[in-house]
Each structure stands twice: as C-alpha cells, then as structure tokens.
C-alpha cells in the first residue's frame, strides 16, 4: 500500500498543539500580520482570508469584523460589503486559477457544519472537473496540489492589480 505523508495536517488534528484562540477571525484581524494569518484583504466592514485547511486551492472566507454567529444579526452595510467581496473573490480566483465552478456558502451553527460557529463567514471554494477523486472517498485524505503560500501570493498579486 502506498503512503501519503501530510505532516502539515497535524496542526489540524492535534488539539494539544493548537493555538488557544477564542475566535480566529477576531484574533487574526487584531494582529496586523496579514501574510502570516493569510488575510488577503481588509475592507471597511469585512475582510477576506484563506482557509488554512482548504477543501481546494484558493479556498477563501469572507467574514465581517462584527463578531456574531448569526447572518441575520448583520446590518445592511455589512451584508452588502460581504457580498461585494465575494464577487471580487470570484473575479480574482477566475483570473489566477481558472476554476470550472465554485461552491459558495455559509454554515451557520454547529449542526450545519460550522467549524467556527460564533463568527459567521462565507466560504468560496473553487472547483475543477475531477477534483473529487478516490483519495477523500476511499482514503479519507484530501490532496491539495498547491502550497497555501504559493496560492496566497498569486491571489495577492491579482488582488492588487
């Protein structure tokens, strides 16, 4: 049997090795270390960051600065900026990665699959024909063909154009 080694996944699996952070969205925006925290863009009401454990290369999240787990608690200005940033993400991802499609969604609440249920955020996942193969189905392993820092640099350059 072939073995695929993915030591970077231990940060996700090993709970004892995790940083003790109440809310990654609130903590990361305070730090002002955008590249380290994979923050692509800061707007007035919302910001964009990469998912550190992506479903696919280019998996982005758009989150409001407002700490709430409920989309219905956001005001109109926050909702407008979030949606405009989602649109801008799509344009940048199309330009740099040429995906065949996208999954865009919000998991609100733990039972809906929210990993961070106390801070609502929109997932933008680029998709390519054939990107779901035997590895996640049989091997319970997702293969990401591009390093996060490489994808970050590509999108950062496209974003600033």
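Every residue gets a Cβ built from N, Cα and C, even glycine.
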Which residue range, 119-123, 124-128, 129-133, is the one TrEMBL calls motif 'Histidine triad motif'?
-> 119-123
Where's the emptiest Cβ shell within 10 Å among the recorded positions 121, 123?
-> 123
Taking all protein chains shown into account, the Cβ-based neighbour count within 10 Å for residue 51 (substrate binding site) is 18
Provide the three-state secondary structure of residue 123 (substrate binding site) computed with DSSP.
-> strand
Residue 51 (substrate binding site) to residue 121 (active site, tele-AMP-histidine intermediate): how many Å between their Cα atoms?
-> 11
